[in-house]
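Scroll down for the structure; my scribbles are underneath it.
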Amino acid sequence: MRILVVDNYDSFVFNLVQYLGQLGIEAEVWRNDDHRLSDEAAVAGQFDGVLLSPGPGTPERAGASVSIVHACAAAHTPLLGVCLGHQAIGVAFGATVDRAPELLHGKTSSVFHTNVGVLQGLPDPFTATRYHSLTILPKSLPAVLRVTARTSSGVIMAVQHTGLPIHGVQFHPESILTEGGHRILANWLTCCGWTQDDTLVRRLENEVLTAISPHFPTSTASAGEATGRTSA
């Protein structure tokens, strides 16, 4: 299986790559201005799935990101957008991305979802780590994108295309404080043709819980996560 991660110059993109590797996937990583992305249609045709990473700035300034969304849509290639990549999906289909009601950098929120797509099998709500100042504006969302997760205040946390294998999450599944990060990626990989190993996914989830529990008890985990992330 060939999976491409488009790196939007995010400081923690290799956490995503590591999670994929733990699921048995050796992803290729190309920067968003890599010359190989100039033929987006060819790229969409040669990979089983494309992941658009988080990163700083706006979708329009994230190299080939928006063009890759169009190419994957045309080829029906499974696509997952994370944070900035999620916003690129919105822009590609006509939504407006603008300032979020609150600026969050390394803070956790409860996310309420519809238990479909990449979020299937997660607790409702689940805890997710957020690093963003921009968001897809709900009133601008086109009919082809449906909201699959929100915060309690209504900020869009995930979208899914109504007819294509295209998914976006505003939060960061690769953060150690996000519940079910491996499961989210595993759910997406099944769209790409991967046979899900639920025993493996549960083991990885338990390893994350074991690693953080001595340092981030439930009462303090929501206080946030201090990192040097550069995401928008």
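Quick reminder: no glycine exception, Cβ is built from N, Cα and C everywhere.
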Of Gln22, Gln87, Gln160, Gln170, residue recorded by Swiss-Prot at the L-glutamine site of Gly55, Pro56, Gly57, Ser133, Leu134: Gln87
Cα within 10 Å of Cys83 (active site, nucleophile) - qualifying recorded positions among Gly57, Leu134, Glu174: Leu134
Mean of pLDDT values spanning the domain 'Glutamine amidotransferase type-1' (2-198): 95
Three-state secondary structure, which DSSP defines for Gln87 (L-glutamine binding site): helix
Spatial neighbours of Glu174 (active site, for GATase activity) that are distant in sequence (at least 6 apart) but have CB under 8 A: Phe12, Asn15, Leu16, Gln18, Tyr19, Val82, Gly181
